[in-house]
Structure formats: C-alpha cells, structure tokens
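Quick look at what Swiss-Prot annotates:
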BINDING   Asp473, Asp479, Glu482, Glu483  Mg(2+) binding site
DOMAIN    39-148  domain 'tRNA-binding'
DOMAIN    420-495  domain 'B5'
DOMAIN    721-814  domain 'FDX-ACB'
Amino acid sequence: MKFTLSWLKQFLEISASVTEIAEALTDIGLEVEEVIDKATELQKFEVAYIRNIKPHPSADKLKLCDVETKNGILQIVCGASNVRADIKVVLANIGIEIPKGNFKIKESIIRGEKSYGMLCSEEELLLSSDSNGIIELPEYAVVGDNFTRYYGLDDPIFVINVTPNRGDVLGVYGIARDLSAKGLGTLKKLELPEIKSTFFSKIKLNVHDKAACPLFTFREIRNLKNKPSPSWLQQLLKNVGIKTISSLVDITNYIAYSFGQPIHVYDADRIYGALSVGRDCNCKVISYKNHEIATAVLKSSNDTANFYAINGKEYLLTENDLTIKDESGIQGLAGIICGAKSSCNDSTINVILEAACFNARLVAASGRRLKIDTESRYRNERNIDRNFTEKALDIATNLILSICGNCEVSEVVKVGEQELQKIPLDFSVYFLEKITGIKLSIKEIEVILNKLGFITDVKGDIIKVIAPSWRHDINILEDIAEEIVRIYGYDKIESIKLPELHQDNNNLREYKRISSFKRILASQGYDEVVTNSFMSSEDAKLFAELKEELFLLNPMSIDENYMRPTVLPNLISIVSKNLARAIKDMAFFEVGPSFINLNTELTYLTAIISGSFNNKNPHSLGRSYDIFDIKGALEQVIEYAGLSLDKCIVANETVLPQYYHPTRAINIRLGKNLLGHFGQIHPKILKYYDINQEIFAFELNITNLPLIKAKFGKRNELKVSDFQANFRDYSFIVNQDHRVGEIISYINNFNKNLVKSVMLFDIYSGDKLPEGKKSISIKIELQADDRTLSETDLNAFSQDLVESISQKFQGTLRE
C-alpha cells in the first residue's frame, strides 16, 4: 500500500515529521517497508528555460536548444516531440546520473553538434512509463531551483506492508484513523455536500444471490465531460505509481486508494435493459428491436461463457464466477474487473457509477483461477466495509460533479442493506492482564477502544465491546486485546526474566522417538516433506465431513481456508504435481498435525508410495509398489515403538476412512485406541487429483501411540548354525475368514529351535476347493543348532505341524 504525506493530510491534521509518522505506523502494526523521498533522490535536477531552438543541420528530428541555466546559456541537442522555445524544463547537467539506465551525462557530440546536458522526460527519471516528451514545468518555476517542488514531488511516499486481515487500512482514510487513535494527529470529519438528484434511473437492478452480493448500489449520471482530471488528482496518483487516464478513471482510483472501496463506471449508452448480479454466466442476445433486448440463457455442457475484459484479454467464465450483466451479456466480473463492452472513453457522456460489496471468497476464487490481479480484487477479497459503501458512492459522485461539468444525477438505486451490528464481546481488565501482562484501568481500555471506533458499554468490571463495521477481523477476546496493546504500545510492556526451563523427559523421549521414525523411513528410501497445515475446504470434504469451526476466518487464500483433518491430501497433491512433471516413482513421509476440532490436534506420521520400487535396468524389470511395501515400512516403525503390527491389525473391521479402498485397507488399534490405518487409496480420490497410478499409504497416530519405556541391556549374541538348512513346502486348506498373517505368525513360533523362516508364496481359492475355503502355500526353512536334521526329524516336524494347524485353524494338508 502506497500513499503520500499530502494524501494523508487530506484526512488527518498532523504536524509530525516523516520519521515520526513512519515509526508510529510500525508501532501500530502497519510495517513501513520504505519511505521514498523523490525530492532528495532528484535534488540535482534543476529548472531550466529554453530561450530559442533551431533545426539540427544534420538530423531532421533533432533540435539545437539554447537553454538558460543558473550557470549561463548552454547548447543542448534534443529530439523530444514537444521541445519548443519559451518553456520551463528539467535539466540534467554534465556529471549527473540518470535514474533510468544509471548512466552519467557527459559533454557529447551528436551528429556533429555539441551538447552540454540533457532535457529529461518522466520515463528517464523513473516517474512514469510516459516517454512522449520532456517534462514541462509551470511558468513560475525559478531557473536553477530543484524542479521537484514545482512538479509535486516534494511529497514523501510511504510504502507499508498490509497483513491479509487488515483490509480496513487499504485506504488512506483507514490509516489516518489508526494514527489518530495512536495520538498522532486528529482525524478530520468527512464533510459531504448534499447531492441533489434530478431524475430517477429507469435501469432496473436484480441481485440473484444475496450471499454473493450483500449490497449493490449505483447512480446514473448524465451529460458529463470525461476530460483530463485536475493536476492535484493526477499528481497524487502519479506519485503512488498509478497511471492517469481520464477524470472518471482517476476518480475511481482515488476513491479506492482513499477509502478502500472499489468503484466501477459503466458507459450508460452501452448498457441495455436491466442490470443483474449472479452466478448464471451464460446469456446471448436473440433479438433486437427499438433498444429492447430479449435474451436466452444458454446451458452448455460445461456452463461456460466468454468474457472480454477491459484489459484486452478474453476469459472463460464458469457458473461459479459472480458476474454483472445487462440483457446483452456480461459487463463485469464482480469485484475484479470491468468488461470492455461498457468501458468509458473520452466521448462518454452518460455513466452508471457503481459501488458494491461482494463475497470475498468468491472474488478470491475467481481471481486466482483466472489469474487476474487488480486493485479491486485486492480490496474485495479482504472484505469491504459495507456500511461505508453508499458514502463512497456519494464522495465519487461529488467529485464527478465538481470535475466533469454540470451533470444530472439520479437517485441511488440500491439492493441490499448495511451490515447488522455485531454481537458484543464481554472484555475484562483481568483478561487483558492475564494474556499480555499489561495493567490498565477500565477507563483507559475504554478510551483506546473508542478511539479505534469500537462501541463500548461498561458494566462493573466488564466492558461490552462491539467492533466497528470496518473491522471484519475482530471476532474473539484476543483480537480486542491485540488492538489495545498495539495502540498502548508494545514498547511499554516491561521485560521480565524468563523462568528457568526444566527439561521434560517425556517430551525429549518423544522428540527422539519421532527422529528415529524418520530415520527408519529414510533408510528405506522415503523422503521427508513438510506441507502447510491448512488446505482447501473443497479438497478436505473428500477426506472428512466439514466442520464450521475448522474454517479459517482470515485465510491467506481460498486454497488454504480449512484446517486439515488428515495429512494425506497434501501428500497426494504432491504425487499429482510430480506426475504432471513426469516423475512417476515416489516414496515420502511427513510428521505433522491433523485437526479433529478446535480442541483436538493429533500428531500423525503419514507415509505414501506410488510407482515402482526400483527403476527398470538390464538386470531387473522393476517392480511396482504394493500394499506389502507400505505395510513393511509401517511394521518397522511399529516394532521400534515396542509393539507388534500383527497384534494391532484389526481384520474384521469394515468401517474405514472414506479415502481408502474399501477392501484393500485396514485399521490398526491398540486395545480400543485407534492408532491409524494403512492400505490403498480409493480410486475416486485418485480421479479427483488426476492420478492414473495406484497409491498406498499409512497413517500412524503418534499422539495415541504409547511411549513405552526404553529397555537397555546386553544384547543376545547372534548365533549362526554350522549345520545344513532344510526347506519344506506345505499347502494348507483353511477357511476363507482365517488371516494368513496369523497362520504364518503361529508357524514362526511353532518350534523356535527348528523354524528359521516362513515365506508365503501362493494363495488360491477357486472351483477346485470347497466353498468357503482357500489354500495357502508356504516355504519353511528348518535348521538345528546342534546337528544336521535327519529325515526322521523332518517327518516328525511335519506330522506335528499338520496336527497343530488342524487343531488351531481347522486346516488340512492339501494333497
């Protein structure tokens, strides 16, 4: 946000220095990024007077100028289109550095003629992009003086950084209001001359979606002259980098920068029929007769329409975009940009002047999707003060009446109402002291809040506080405390010695455990990622039921307006982005928070894999990731935590998170506590993110994972048998509902002196087996530590195993 000192003084009686103002702005939370003083930067450029000119003997487009300076008459060669005798100009003497290009002026010979300086344009001094000619100064400018005082540049420019929640200071008036509350100057009262309307507008207004457009106002103005705006207005806008175009455009820019309320002007002679505001973007003229237009709404397969904007670009709008239409088509993208069809030009004599409030989320979503950045969008998506909208329309109307000639003005046409008064919050002295350490009397608190525009009502130790209409970010007691502190002064808060910290062993152990989890996954080829804890509510509703309390009040963007219910959407989004860049093989994880409600935040370790385990090469065809890869990674993490994954798997649960495949995922529990899930991601999720390959993931709730006390002691020595190992294959027929993992775990523990490993190599179910049965085939490695196993030993083992499987699982050996 840029503004000049003189612009600030239009609304604030102030005698403070530029430095004092800059410090005060930073103190109240409006960080000053820069103070630009053009007068100092351009102090070496002086006023000069062209006494006489004559043609250059060797160049038709160049002139030889006799220029009067404080050091006498100089000859300067100039090719500007507006160079002529008897005008005051800006001179750069020899040795001065020109801002554009950073080159120094030297005595030079141009086409055989000497030149002892340079006559400057705005572009060369980086004042604007206008290179049509040299700067012309007023006749009263004194030769030899610094030119800036005659060109309105002796006006320091403040550049402040505005946070997304402070839409109220996107106008100079709002900044003046804050400085006045700080005690730096007195806010001037806005005096508005009475506007005498001379007719009623016949243009009808229909607002189809009051939630999308809570207030829309306009006036019709006739017989105006859209001439260049006065010099004071042009200079204000130029100083903050706004190109001046015409009175109408300059006035709307002035209102937006002064009060934060975007204003739009339509050429009334290009508007046909009624105006309507809504999200039905498709319309087409089907007949035209005596200026009466009939329209038909076209519903194409994707409900889209083309919109030609004032910036010369064409945009494809959808039914989600809020538009302003007449009966001939779209005339504007609400809150963002006007259409080319009804734009004003020098010949415009009749206009419709609009001031409105639009839904901030809709404006932000459309602007982001269409990649349109305008000052109007910037302000609308940060919320407009609906109670000031009609007053802004009046101020703009008065400016048009004073600048654009003897105009006729209609009554205001309005749909919608001002914002209702907000619900009061009960604020106490004790609450302020509790969270800030500041002790103020209830009277002092009331004075500060009143200066900021808050309505207060003291009831004993409680102040009932109602936030002003322009402060959309004041919703809780902490917001009020922040307002008090920033005006009272952060520098007045006494510093205190912090208490000595006592290390919490549990926190330290938890930190070390999480670090170990990360190392385990990293050793398996997983990469760690860190993503934002906020996400789009559109994405979030695919993973959990949306809760109103998890919506952010002031999101940075519409894509980050919801507190994530799970980390998975962020990781799946990364997969989608990588696939778009032809990266197909991925394995990564994140440790981060998920939010159940405002009071419950859980820390999850979430991992995800997709693509191939290893790349194809001459020695391997590669292998795609499957559910066992993600299970293996989870198993190692769980085992490090002192648990067994097999004991945590719940096989018969059918209720899974909606984003998992219904038959290829499983819950993991420790008793009644849900620890997480693992499995394949649901195809509908993949389709939403435009992913054409399988994804497997696990989610481990670290918050619910017990912190088992670490056991230290002497490790058992690894013993390797010197005797031959034997391998036996078995196929057992068991019931379909028996878990294969449970059977394998049982065999592993069946005879620990002999069984070294058990590997599953086949599962079969089909016509060759009885109904409700399946066959599992396993390979068992048998090895004794003290002898070579004989055939008798092996047969005895087989007989015992078959009998045990029969008793435990009602299984039979397949012939």
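Positions of Cβ are set from backbone N, Cα and C atoms, glycine also.
Shown on the structure are the features that Swiss-Prot records.
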residue: Asp473; record: Mg(2+) binding site; contacts (Cβ under 8 Å, 6+ apart): Asn165, Arg166, Asp479, Leu553, Asn554
residue: Glu482; record: Mg(2+) binding site; contacts (Cβ under 8 Å, 6+ apart): none
residue: Glu483; record: Mg(2+) binding site; contacts (Cβ under 8 Å, 6+ apart): Ile448, Leu449, Leu452, Phe454, Ile474
Segment-level pLDDT (mean, integer) for the domain 'FDX-ACB' (721-814): 89
Asp473, Asp479, Glu482, Glu483 excluded, remaining Cβ within 8 Å of their centroid (Mg(2+)): Arg471, Ile474, Glu478, Ile480, Ala481
Coarse DSSP state, helix versus strand versus coil, of Glu482 (Mg(2+) binding site): helix
Cβ neighbour count within 10 Å of Asp479 (Mg(2+) binding site): 16
Helix, strand and coil totals (DSSP H, G, I; E, B; other) for the domain 'FDX-ACB' (721-814): 28 helix, 32 strand, 34 coil
